[in-house]
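Worksheet: the structure to be examined is printed underneath.
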Amino acid sequence: MERTLAIIKPDAVQNGHAGKILDRILAEGFAVRAMKLVTLTQAQAEGFYAVHAERPFFGELTEFMASGPCVPLVLEREDAVSTWREVIGATNPADAAEGTIRKQFATSVGENAVHGSDSAENGVKEGRYFFPESEIVQNGAAVIDA
Ligand code: RTP
Ligand code: MG
């Protein structure tokens, strides 16, 4: 089993799409191992996206991520990273395939509804950025019934 870190970003929470996105997560066969509603500080957003610190959109991105509540989730299933990235679609909703979450819910390349880890290693690392291991459910049935 592989882990990925998903985030329902502030635009999707603000626009009332969090429930529909959670439904889609469960329908795609992911087990939710951890989940919370949190408004990131600017410093937390900058730490999470540190890999993009030199990019021109870093300020815009981190201010957006700290602009309101978001929902980080630790998801688990076989091939979690690649499956979740397929389900969310391309970064820019203009390029996202029909049926993807970003096609359905993103408003722009910056405010694009959801995050997904880009490797199994980062899936574990990013999960730990939001949740101590003690808050990640290790076994048993999924905590939420689809
Ligand atoms: P994410 O990390 O959030 O899952 O998104 P991603 O892999 O599809 O895209 P990435 O290249 O990692 O970029 C991270 C986030 O930065 C914002 N962005 N804005 N204005 C722009 O041109 C631009 N490019 C990227 C998006 O919010 C993107 O998801
Ligand atoms: Mg990325």
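Using N, Cα and C of the backbone, Cβ positions are placed for all residues, glycine too.
The feature domain 'Nucleoside diphosphate kinase-like' is assigned by TrEMBL to 1-138. Annotated ATP binding site per TrEMBL: LYS9, PHE57, ARG85, THR91, ARG102, ASN112, in sequence order. Annotation comment: TrEMBL describes HIS115 as active site, pros-phosphohistidine intermediate.
Sorting each residue of the domain 'Nucleoside diphosphate kinase-like' (1-138) by its DSSP state yields 64 helix, 24 strand, 50 coil. The domain 'Nucleoside diphosphate kinase-like' (1-138) scores a mean pLDDT of 97 in the predicted structure. Across the structure, the residue listed as 'active site, pros-phosphohistidine intermediate' and LYS9 (ATP binding site) place their CA atoms 7 angstrom apart. PHE57, THR91, ASN112, HIS115 are the recorded positions among LYS9, PHE57, ARG85, THR91, ASN112, HIS115 whose C-beta comes within less than 6 Å of an atom of ligand 1, given in sequence order. Fewest Cβ neighbours within 10 Å among the recorded positions LYS9, ARG85, ARG102, HIS115: that distinction goes to ARG85.
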